[in-house]
Amino acid sequence: MHSLREKVLEDGVVIGESILKVDSFLNHQIDPMLMDEVSHTFYNQFESRGVTKILTIEASGIAPSIMVAHRFKVPCLFAKKAKPSTLAHEIYQTDVHSFTKNRTNTIIVSKEFLSEDDRVLIIDDFLANGEAALGLHRLVKAAGAKTVGVGILVEKSFQPGRERLEAEGLEVMSLCRVASLKNNQVTLVEDAES
Ligand code: 5GP
């Protein structure tokens, strides 16, 4: 997606060699026109898959996801970060290691909102090692539902997330693919829309 790639190149701030900050349009301040375009692109890709629910993880996945859900006219469900619960009969839960924060969170969704009839499109802001998306996919499987695709705004292609998701048989669409963050510079993968 050309406009997202331009934004990443213009406004992205590189931290170290592996973290990209995009606070001006996605992770702090949010650009709704850009999110609208994002939703359009994911809709075009996944509209034939019978999507019944958009699933993401709090907090930064919510903004693009609500726009995508609006486009599909389906609910947007976000997994919450929560303490491991003994109320296992009411929730699905799994552990996810956060790449940016270097800690493991338990994420949960209520059984009320995910059922075996659901066809789920997973959306997230970033793909790094694939931990968040794989955790969300485990919640979908626990409900007996199906993940019909994974839509990512910014994929860091030098990390193994995409390969790990594809190894699970998941279709991944990333709107902007970052090849490298070396030397404080953002280098994109050519022809990134796949
Ligand atoms: P993964 O679970 O694929 O290892 O990492 C993806 C998750 O970590 C996303 O939900 C995102 O919030 C966060 N994340 C990973 N790398 C980055 C990054 O470079 N920048 C930002 N802003 N978030 C990241």
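Easy rule for this one: first residue shown is 1, then count along the chain.
The backbone N, Cα and C atoms fix where each Cβ goes, glycine too.
Features as listed in TrEMBL:
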{"type": "BINDING", "residues": "Leu20, Asn27, Lys156", "note": "xanthine binding site"}
{"type": "BINDING", "residues": "Ala128, Asn129, Gly130, Glu131, Ala132", "note": "5-phospho-alpha-D-ribose 1-diphosphate binding site"}
{"type": "DOMAIN", "residues": "34-157", "note": "domain 'Phosphoribosyltransferase'"}
Tally of DSSP helical, extended and coil residues in the domain 'Phosphoribosyltransferase' (34-157): 42 helix, 48 strand, 34 coil
Euclidean distance between Cα atoms of Lys156 (xanthine binding site) and Gly130 (5-phospho-alpha-D-ribose 1-diphosphate binding site), Å: 10
CB-centroid shell, 8 A cutoff, xanthine site Leu20, Asn27, Lys156, site residues removed: Gly12, Ile19, Lys21, Val22, Asp125, Phe126, Val154, Val178
Ala128, Asn129, Glu131, Ala132 screened against Lys156 (xanthine binding site), Cα within 10 Å - retained binding-site residues: Ala128, Asn129
Pairwise Cα distance for Leu20 (xanthine binding site)/Ala132 (5-phospho-alpha-D-ribose 1-diphosphate binding site) [Å, integer]: 17
Stretch-averaged pLDDT - the domain 'Phosphoribosyltransferase' (34-157): 95
Glu131 (5-phospho-alpha-D-ribose 1-diphosphate binding site): tally of other CB atoms within 10 A of its CB: 19
Fewest-neighbour residue among binding-site residues, criterion Cβ within 10 Å, set Leu20, Ala128, Ala132: Leu20
